Amino acid sequence: MSRRAAVPAGPPGDDFSFVSPVAKYVLFFFNLLFWLISMVMVAVGVYARLLKHAEAAMACLAVDPAILLIMVGILTFLITFCGCVGSLRENICLLQMFSVCLTIIFLLQLAAGVLGFVFSDKAREKVSEIINGAIVHYRDDLDLQNLIDFGQKEFSCCGGVSYKDWSRNMYFNCTASNPSRERCSVPFSCCLHHADQAVINTMCGHGMQARGYLEASAFIHTNGCIDKLVNWTHSNLFLLGGITLGLALPQLVGIVLAQLLINQIRDQIKLQLYNQRHRADPWY
């Protein structure tokens, strides 16, 4: 009884594709979600910026949350746009650009975390510089003002190193030549608040810089926000690590999916070239 000779398997047909629909559309919807979020960020940032006066807009661009929101939104929009179009159109160039950008951002975040840990004293000085700059422009920007008030209330602190740092602000400056009605005062967010206090007295910090630490501590928080922030960071290292991991995980997933899809597209291109060469072969 003769056996039938085994027929060698030929190359995959035109209907075969190395590109996985799962990887393709997961990457597409992953980028689409962040693309929509980026448009919302830009819209909110532009809206907040338009509500401000022109003078305030030029006063403190470096610490303006609206400008920061717009910049992050635009960067996210461009990166996720490359990911969306690249995955949907199976474009290697756009996918590589998307992957490279995510890799650079991830490495920068990693480097910033390592440098911040190694050079903690330098990081403290930089934080102190940012807080002092924010104190100077406290009345110039409503968003910045609300951010400082929120931080001082949440951390139960006042100023950078102490409550007397508010003399850096022209309205709260404690010099005798200051004509402001808020001279020698601190913002209401520095004040001690009782649980049964229904209405906040916004003038509770009036004249507090002229008082000593012991006397002022009966009415306001006298400790600075820098030490409070450092202590909070040391007490919540696991929480910060979880947040960092939560931010890094989507980036790593995007990089892996993009590289997987790039390799699959390259295999598909090789298959198409192979089929085209063999169609022209009369013995094929």
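From the backbone N, Cα and C atoms, a Cβ is placed for every residue, glycine too.
Lifted from TrEMBL, the feature list:
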type     : residues      : note
TRANSMEM : 25-48         : transmembrane segment
TRANSMEM : 60-88         : transmembrane segment
TRANSMEM : 94-119        : transmembrane segment
DISULFID : Cys157-Cys190 : disulfide bond
DISULFID : Cys158-Cys174 : disulfide bond
TRANSMEM : 237-262       : transmembrane segment
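All features noted in TrEMBL, drawn onto the structure.
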| residue | record | Cβ contacts under 8 Å, 6 or more apart |
| --- | --- | --- |
| Cys157 | disulfide bond | Gly151, Cys190, His221, Asn223, Gly224, Cys225, Asp227, Lys228, Leu229 |
| Cys158 | disulfide bond | Gln152, Trp166, Val186, Pro187, Ser189, Cys190, Ile220, His221, Thr222, Asn223, Gly224, Cys225 |
| Cys174 | disulfide bond | Lys164, Ser167, Arg183, Cys184, Gln209, Ala210 |
Folded-back contacts onto the transmembrane segment (237-262), same chain, C-beta under 8 angstroms, at least six residues removed: 19-20, 23-24, 26-27, 30-31, 34, 83, 86-87, 90, 92, 95-96, 98-99, 102-103, 105-106, 109-110, 113
